Each structure stands twice: as structure tokens, then as C-alpha cells.
Amino acid sequence: MACIVCRSSSTKVLALLLCVLASFHVAVDVHEAWTKFRSRNNRDIPGEELGPNDYRDGNVGFVYIDGNSPAGNGRRQLQARQEAAPNPDVAVRHARSISESSVEEIPLQPWADQDRSLRAEVDRFFNFISSPQIPCEDLRPMPPFNRNQNEVSPWRLCYDHTHGGALGNPQAEECVVYSFSLERKDPFALAVAHTGCEVHVFDPDLQGEEHQQIGDELWVHRAALDWRDSHHEGEGGRWHTRRFTSLMRDLGHSTVDVVRMDLEGLEWKVLEDMLLEGAMSRIHQLLVEVHLHWSGFQDDVNLVKPVDLGTTKEVAYNPTYDQLFAPQIGPVNPFKTQQDSAHKNTLSGFVEEAHVNDFTFEVQRRTFHSYVKDMYDYQGRSYLHPPQDVEVNLRSEEPPEKCFIPKKHIHSWSGHSKGISCIRLFPKSGHLLLSSSMDSKIKIWEVYNKRSMVRTYIGHKHAVRDVCFNNDGTQFLSAAYDRYIKLWDTETGACISRFTNRKVPYCVKFNPDEDKQHIFVAGMSDKKIVQWDTRSGEIVQEYDRHLGAVNTITFVDENRRFVTTSDDKSLRVWEWDIPVDFKYIAEPGMHSMPAVTLSPNGKWLGCQSMDNKIVIYGAHNRFRLNRKKEFKGHMVAGYACQMDFSPDMSYVVSGDADGKLFIWDWKSTKLYSKIKAHDGVCISCVWLPHETSKVITAGWDGLIKLWD
């Protein structure tokens, strides 16, 4: 957009393009500008003080100071310039122009309407900048630079004798034009040069000499217009940012007939400086391209000057803190260590290069993810519902009549990146398998049909030690080394709640009673058994009698009691909700028993002893050791290998430290078979409750295998 403003030599003050600023409601502190003007002269200047109406919230005003206030001081400054000037004629002419110029105060514009609406202000602003602000009788478009072009220039000049200056006076001795633009080839300057005026173009990136003449009337100078004087290093060498009055003084001009500005937003500060310095009284015609994308009257906008670290040895201006320490602008701090200079993404951490595809990112972002296309079948049943299209009846409560020894490997589940710590079958049906791993993830798998991975639950920070379903399998608990026990919704994957007492939980169990499904107990590393209520999240009971970390919790005797084992090499039996053990079993020859399994008929406790054997205790009344039932031959010292019974109580199965699966006869305790199942430790094994010969094993190699 172009806005044309003219003044004649007889008019004291321009009725001005800067009414643009007076019309547009943006806050500018006029009082601060006036104070700066007075402080520059090192003394208090008599004159009119600003009244309460001279600056208001929401209005813009610029101060024009009349000849009675700064003119005297201005004359004293000009006398000093005249004495120091190398060219007396230029200095005298320049001093005369300043002394004759008068500066007045422009009152603030009132609001466009009584409602003070922004819409009315915008309409007035656009009406102002889209129409000439002078009554020029001879307003002509700029002649195109290329005479053969028929297009009309957007710029117009006034050629009448009242406002045109030298353009409207054929008898004028000289016609001076200033063009400020960031374009390398300024079409405006080239076109005006053909009118016979002396044209001066200012280009900060000019190569070669600082002042160059092109043709008879066109001069190019290595300088840029600004609201303050400074020096910089550019592509062409050392260049200057100069105020308008400084440029006129340097070039020896007392008046300028036409000034054209295209400063990409800097015009707001430059025009303010020209008003305060009284430069408007020496301009006949002012053409300004107004930029509305500037977000305010801040000093630091459009004034950021890049520093070339390769060539710059001295910063010749005062940069702000943000400019100096910006990574693209300011110099590198030489006193920072390499660690301090590294890019940080947290207060104590650093950015690490990583390439993560979208799929992996989404997997890590979500709490869980699904590999099942349809959440529900045509009857609205989820994957928790036992399938009915398999060979066995998963709803049956009766065990198989006769079980057989598994002999071959038929399937492997892979998905964990580290070793498996625990596996649990879905209650009653056993059609789903829940696995916890040292990779801090929990996964659930299909045992039948496609045998695919159904869900992954991500929420723990460290390895997961134990998991446990509730009675109907809709929820499960997980205990991890991050010291948290979390309650999950099996179907949706939501983490319902979490519990902690700042100790590591080694094992966790729901109370199997239907009316106590909101209560669970956990064996902790601080020798305690802690009882939580999931409804309130509070600890409701503590059982503190063990002398070492609690490894297992097993409910017996119709869930009225539970049995615990510990690193203190003892076995204790507790009445529910009574924090004193009523049975304490500890013998000199006993070893720690980190894995305990209740038999399917509920009569026996199979305990994995650290002296490389499985011992059997009665699960009723006196909890006596059955000395006739000892299962030996495997190596488990140092590992909590989970053992299991076949559904018909014919066999006992267990893994060992060498990755083998051992199978014993229950009646004779004879070792029937051993199978190399895993490369590492075979940490867990379970016999499917409705199958005659299918066993699932899990190892520290991260694999889960199905045997038949």
C-alpha cells in the first residue's frame, strides 16, 4: 500500500502521513519519547509540558515541538556541527534549514465512533492509507522505467506549484529524491532518475566503493535508514545505519523533494524519529509503504543484526540479552564446557539422537495397544469370553479323566524383549495367558485359535515381578521393581489405580472370596505382608512376623487361611485379617522356598526348595511335610522356578536353571521325562486345566512355548 503526503514551503507542519499512527490505536509512550528528547540535550528544555489528554490508553500521538523549545538548543548544536564540518557551505545550508524548521505538537486523534469499536478504527485507518492526503491539482502516476511498458506504476507524484516542490517548479535549481528500499534494483529510483532529479538510493549490501554513481543522476550509497546511528559489517564491507537527519547532513541537503520508504516494518520507528527530530519540515513529498504485519512498536523487532562468527571480531552495537545469547545470532560462550554446551531436553538430561517411526511412537505413547481387529464379536462379546469352537469344553469344571506326558513343541509366543518372570492362565477357562517380563511390559496371549498376542500393557518403569487375575479375569494386579502395584482393566487396558508403600513387592494375590474381590495382599521386600483395599486405596492390615523378604502367598482351606514363604527359610500360616501367624514351620534342614503352587484338588502345597527338590506339604489342619513325596533330579538352586500339577494329579512338572522341563509321576515320584525347552532358565510352567497333555513354559530367553 502506498500513502502520499506533501507539504509546501509555506506550511509549518505536515498534516501528515503519520496521522496513520495517530489514527491507529496502538499504545506508544509519548511522554517517554519527550523525556528522551530532553535528556539528549543534557539539560531541561523550556516548553510546553504534555497534558493529561496528550497521551491516553489506546491512542497514538507524536510530539511536534514548536520553535520556542528545542530550536534554541538546536541552533547551539548546529553551530557546533558547523564549526566541525569540513565543508562550511554545506554546514551553513544545513544549519539554516534546521533553524528555519518549526516543530509543533500533533494532538491525539479522537476515537472514530462513540462506542470505541475496533472495526471503526480499522475502517478509518484503511481509508486514510488508501487515499492521497493532500489536495494536489496535478497528481501523476510514476513513469515506468521501461518506456515500452504499458503498465501503470502504483506510485504517484504531485507536480503542482503549491505542493510539488522542485517537481512543480521548473525554475528550481535542484530536485533531490531519497529512496529507501531493500530491493537490489530499485524500479522507483530508476524511473525518477529519468525526470532529471538527483536520486540517492541506500543499499547496505553494496559491493565495492561506499558511494557509487550510476549515470548522471543516480547515486547508490552503502547505508541503511534506521532510527539510530551505528556501524556494521556486511557483505560489501563496513556499512552504516543512519538516521534521516544524519543522512541529510552527510549528503549536504537542506531539503528533500521526494522521500520514498519501503522498510518492511521499520518505518514505524523511523517515522517517529523523523517527527521528533523535526525532519518532516524539510520534506516536500513523502511516500511510505505501510506494513501491517508488524506486531507492535518494540525496539527489538526487525532490529536483530546477525553476527558472523567467522569474520566479526568486535560487536559495534549493544545487543540485547536475547540477541546475544540466541544460538543463531550471538557468539558462542567460550567459557562453557562441552557438557554445558550440549542441547538439553530436561534440566539434567540431554537430547539423544533417535529415529522412531510413527508406529513405534504410537506404541510407546499409549498405555496399551491391540492386535485384534475386532474388539467384539457379532454377539457383542469381547476376547475375555471363552471360545466355543475348540476341541475341549472350556466351561467344564471337571478335570480330564486321564492326562499324558507332553512330548513335542507345537507353538512359540514371542514378543517380550527380555526374560519372562511369570505366567498366569485366565481363571477357570485358561483360554488366555498373561505374561510379565523384565522388559517392564505385560502381555496377554490367545492360547487357542490363532494364538496371537492380544494386548500389551505398558505402565511400569522397571521389571514386573508378579501378576494375578481376579476371580472373573476382568482385572489383574501387577507388582514390579519400580515399587508400585497396579490394578489394570484386562479388556480396555486402563490402569485403574496404583498402590505403593515405597518397598519392592515380590508377590501379589487377590483374596479369592467373591465378597472380598476388592482386597488383595502383597509380600514385600521389607518382610511385611501388606493388605490393601482397592476401593479406598488404603492399607487396611499388615502382617509383620517374617524375618526376611516374603516370596509367596497361597490361599488354602476355602480361603480362610493363607500360607506364606520367605527368605528366612520358614513357612507361616495365617488366619485371614489376623496379623499373628498361628502356624510357624521352620526346621534346621529347611531351605528357602521361593515358589509355591496349590494342587488342583486343594489338598497339597508343592514348594520349590532351594536344595534342588520339590517338597510337599499338606494344605489342611497341621500342614505336615509329606516326606514320601520328594521330587528330585533338576537344578533350581538360586532360581524361583514355578512348578505345577497336572489336572488329574497324575504328574508334577517344573522347569530348572538349564532350561529343561522335568516331568515326574505323582504317586511314585519317579522322573518320567525331561525336555530341553529354553536356552536360558525355564522360570515357569503351567498345565492347561482342560487339556490332557498341554503344558506352557516360559524362560529367560523371552519365549513362551506350548508343548503337547
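Cβ atoms here come from the backbone N, Cα and C positions, even for glycine.
According to TrEMBL, the protein carries these features:
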DOMAIN    171-292  domain 'Methyltransferase'
REPEAT    413-455  repeat 'WD'
REPEAT    457-498  repeat 'WD'
REPEAT    543-575  repeat 'WD'
REPEAT    643-674  repeat 'WD'
REPEAT    675-708  repeat 'WD'
SIGNAL    1-27  signal peptide
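The DSSP breakdown of the repeat 'WD' (543-575), given as helix, strand and coil counts, is 0 helix, 19 strand, 14 coil. For the repeat 'WD' (457-498), same-chain residues at least 6 beyond its ends with a Cβ under 8 Å from one of its own Cβ atoms are 363-364, 366-368, 370, 382-384, 418, 421-422, 424, 426-428, 432, 434-444, 504-510, 512, 514, 517, 520, 522, 532, 534, 537. Within the model, the repeat 'WD' (643-674) carries an average pLDDT of 95. The list of residues near the repeat 'WD' (675-708) in space but at least 6 beyond its ends in sequence, with Cβ under 8 angstroms from a Cβ of it, reads 392-394, 396, 399-400, 402-414, 416-425, 428-430, 433, 435, 437, 439, 445, 447, 451, 600, 639-647, 651, 653-661, 663. Under DSSP, the residues of the repeat 'WD' (413-455) split into helix, strand and coil as follows: 0 helix, 23 strand, 20 coil. According to DSSP, the secondary structure content of the repeat 'WD' (675-708) in residues is 0 helix, 18 strand, 16 coil.
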